[in-house]
Amino acid sequence: MSKKILYGKEARKALLQGVDAIANTVKVTLGPKGRNVILEKAYESPAIVNDGVSIAKEIELKNPYQNMGAKLVYEVASKTNDKAGDGTTTATVLAQSMIHRGFDAIDAGANPVLVKEGIELASLTVAKKLLAKSKKVDDQEDIQNVASVSSGSQEIGKIIAQAMQKVGKDGVINVDESKGFETELEVVEGLQYDKGYASPYFVSDRESMTVHLENALVLVTDHKISTVQEIVPILEEVVKASRPLLIVAEAVENEVLGVLVANKLRGTFNVVVTNAPGFGDNQKEMLKDIAVLTKANFVFKDLNMKLADLKMDDLGNINKVIIKKDNTTLISNSKSPELEKRIQLLKTQIKNSTSDYETKNLQERLAKLSGGVALIKVGAATDTELKDKKLRIEDALNATKAAITEGIVVGGGKALVEVYQELKDTLVSDNKEVQQGIDLVVQSLLVPTYQIAYNAGFSGKDVVKQQLLQPSNFGFNAKEGKYVCLLKEGIIDPTKVTRQAVINAASISALMITTEAAVVSFKENKDNNFDLGTQE
């Protein structure tokens, strides 16, 4: 296929149009009075969402140059979501500002490599300043405030705080759908282990890249499944039972995986494979934990148990399975005496353990088995509302976990304003062009505050001016339209979310400003002219 190349200012202009297409769409959602964006969905009703990365993911532009710019900004949102679980809109707004300022500097004759050096220096300094300002999450109130700010709902904040109180800060919390209109919290028996699906082709929900199984059978073994013939007899029984099957094995050969995936895609049976968690003796014990929870017979190779001899009675049962890329959650609705015995055995082993390493592993297993799983059952009047509510709760959960990891900073964009005030005259370089890179990052720190105020119906410029005059921790409450002590009002952000937003925005901006050419594929129309399309 032929290629078309744009150079210099022309290339940067096209990329910038793509950046603006995404950023201008996403930034309307920022802050407590941010608006929603409606997304067309093929074969289903439109989605109305407030989540930056979900919006950015859906945007495809006809012009390939503009689309490259858009996809680079989507990467900012996606990376921030992967690392911190929230803050995607803030990252997008920061990236747009940095890229605009960076391109202006390059077009005015600055050396892009030196400007890039300044951007990298400034972003690392901002990240350090944010960590220095971070306050540890000490109590339930902080957890509730973080979740409330992220979701834009006091009710959701309260439910997430209750969930963490019941299963612990490191406990397993999942979001599910309720059959009613109310959003409720339920704690059930279950555990989560750190292995996801063995192949992405098992995924049933492409949007969230998750597998959901209901009323599933469970095969638990420390065998390496090398041939399909080993498990054909039990698979035939599973097909007759018309129930989904979860296979948890030490390993499964690619050839076997291929056959299982092909049969799943054809609809022959519904099966998902995950590798066993842990390694060595600890792996065997974790597999036993899974077997006890699911009431499965553990197919143990040291006892010369063979997969070919498996009967239906050897398989376990589980009410619900949620499998993601990196973890699997098993949820049971019934209490088991065997599970209680297993928990007591672990407690005894911890008491008698003389090894720190062994004690740590035992404590982790005990926490997984005894902590249970908190289910936030989301209720709504319509499917559209349900999807939006689930996204908000998932974002709030991620934000809360990020806050527990790195602590919190004052919210409403104030933390970035304070860092701006500390660095605007102190972070200096002898090189003029490096300084331009520093300045464009530092100046961009004011943009989230501007956008939050603008979305709430206030003058962004006036609010930024007033923010600069406020004492530490005091700032603009966009929801109420007044200046308050933000910490006292519970307007806080996870440090990790804010820090990752700055780092990822600066990373893409630094790379984009060094771009001097853009290469795309093109189709020729009937007149043999280039068909590159226009922005759509």
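Here the Cβ of each residue, glycine as well, is placed from N, Cα and C on the backbone.
Here's what Swiss-Prot has on this protein:
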- THR29, LEU30, GLY31, PRO32, ASP86, GLY87, THR88, THR89, THR90, GLY412, ASP493: ATP binding site (BINDING)
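Of all Cα pairs drawn from THR29, LEU30, GLY31, PRO32, ASP86, GLY87, THR88, THR89, THR90, GLY412, ASP493, which the record names as binding ATP, the longest spans 16 Å. Secondary structure at ASP493 (ATP binding site), as computed by DSSP, is strand.
Secondary structure at THR88 (ATP binding site), as computed by DSSP, is helix.
Each of the binding-site residues THR29, THR88, THR90 was scored by the number of other CB atoms within 10 A of its CB, and the lowest score belongs to THR29.
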